[in-house]
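Over in TrEMBL, the protein carries these features:
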BINDING   His87, Asp98, His165  Zn(2+) 1 binding site
BINDING   Asp98, Glu133, His357  Zn(2+) 2 binding site
DOMAIN    187-285  domain 'Peptidase M20 dimerisation'
BINDING   Arg190, Asn250, Arg263  allantoate binding site
Amino acid sequence: MSNRANNFRPTVHGARLIEDLATFASFGGRQDGGVDRVAGSQADLEAREWLQQKIYEAGLLPRTDEIGNVFGRSPRAEWPRLLTGSHTDTVPAGGRLDGAYGVMAALEVLRTLDEANHPSAKYVEIVGFWDEEGVRDPGTGGLVGSTFFCEKGYVQNYQSYIELHIEQGPALESADVSIGVVAGIVGIERYAIDVTGTANHAGTTAMNNRADAGLAATTMASRVRDTTTACSDRLRINVGSIEFFPGSPNVIPGQARMIVEIRDPFDSVLREAEQKIRLLADETAASEGCHASVQKFSQKSAVLFDKGIHRAIREIIHNHGGEFLDMVSYAGHDASVISKHIPTGMLFVPSVGGVSHSPAESTSDKHLIHGCQVLLDAVVALSSDRS
Ligand SMILES: [Zn+2]
């Protein structure tokens, strides 16, 4: 590939991208501006049929795999290919951009490259993954389409994957920066802490002679935030529920159960936080004459994206005089599944008010169009980096 060809920089058609996003949002569209397009619904089926039609109308070749992921490529496509896209489904009463933006932007990027006869058009394929949210069957934990794509081994045909997504948080808006280059996705761990004391009469038992599991659990809950955030200022912790048993006004709780979730970009920090949670549980329970047992019932390891892709994306933005924020994602994405198999990178655009999974989900047209152009620049840089 000649340098001359590589230096030529096509510009995405912003108005076309915005129009496609509006049309796509009409599949499952709600009066309040939100979208109901749960995977497996009629709206989901129609949206994915429309996407294939749109790919075809652009002079590209659409196809689906056995599970319903939708792909598009140039008729002149060659291997190896860079894959870019996101997911087509939403949560119930979701927004119009989560997932859909990355798919529509990928279509706009490939369409622009193909129309411009750009050499990179041959080496790019786009994807709309099916069922990322996992609403259809919560037992799956989501990421169904991308997991299928990897388990079948199809992922091995591709050189790399880039996903453009809305941030779903407030960091970019707060920093007034239009692009986030995502270094990785946080690990997420969930713990059940069971405290055992002695159930007894709430009136006749002296205050200094109680093994109150409820008091031990609430004391733990009030301390666990400070205890764990001391490990790292990036750590996020949530006490999602506390239950007392038997749960009666006249019985001292003999049992209490607390559910705690922690998130951090580094597994080493999660290990340290886990130790602190276990120590806190033991000490607090003992001080109330109770016993605690801590069980980790769910664990998703932290994901670190490919350093080479991360660096290349930062460079390309820098070379075009743009600003970006280095960040980690506190939410899961298809990119986390793919990154276990091929070099992967992610880009974020700002979410107004940090709101997502809601009809109020929004990003300015300016940021949507700019993000799409950065995706094109990144795709060109990375797909021509093979010789
Ligand atoms: Zn998403």
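Keep in mind that glycine also has a Cβ here, set from the backbone N, Cα and C atoms.
Automated prediction, rather than curation, is the source of TrEMBL annotations.
Structure with TrEMBL features highlighted.
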{"residue": "His87", "record": "Zn(2+) 1 binding site", "DSSP (3 states)": "strand"}
{"residue": "Asp98", "record": "Zn(2+) 1 binding site", "DSSP (3 states)": "coil"}
{"residue": "Glu133", "record": "Zn(2+) 2 binding site", "DSSP (3 states)": "coil"}
{"residue": "His165", "record": "Zn(2+) 1 binding site", "DSSP (3 states)": "strand"}
{"residue": "Arg190", "record": "allantoate binding site", "DSSP (3 states)": "strand"}
{"residue": "Asn250", "record": "allantoate binding site", "DSSP (3 states)": "coil"}
{"residue": "Arg263", "record": "allantoate binding site", "DSSP (3 states)": "strand"}
{"residue": "His357", "record": "Zn(2+) 2 binding site", "DSSP (3 states)": "coil"}
Can you go through the binding-site residues Asp98, Arg190, Arg263, His357 and pick out those with a C-beta less than 6 angstroms from ligand 1?
Asp98
Starting from the Zn(2+) 2 site formed by Asp98, Glu133, His357, give every other residue of that chain whose CB sits within 8 Å of the mean position of their CB atoms, in sequence order.
Thr90, Val91, Gly94, Gly95, Gly99, Glu132, Gln168, Ser356
Between the Cα atoms of His165 (Zn(2+) 1 binding site) and His357 (Zn(2+) 2 binding site), what distance do you get, rounded to the nearest Å?
13
Write down the Cα-Cα distance for Arg263 (allantoate binding site) and His357 (Zn(2+) 2 binding site), rounded and given in Å.
19
What is the interatomic distance between the Cα atoms of Glu133 (Zn(2+) 2 binding site) and Asn250 (allantoate binding site), given in whole Å?
43
Validating a neighbour-count step here. Other CB atoms within 10 A of the CB of Arg190 (allantoate binding site): how many?
16
Same chain, 6+ residues apart, C-beta under 8 Å of the C-beta of Arg263 (allantoate binding site), given in sequence order:
Val186, Gly187, Ile188, Glu189, Leu235, Arg236, Ile237, Tyr330
The domain 'Peptidase M20 dimerisation' (187-285): mean pLDDT?
97
8 Å Cβ shell about His87, Asp98, His165 centroid, Zn(2+) 1 site members excluded:
Ser86, Leu97, Gly99, Ala100, Tyr101, Gly102, Glu132, Glu163, Ile166, His333, Asp334
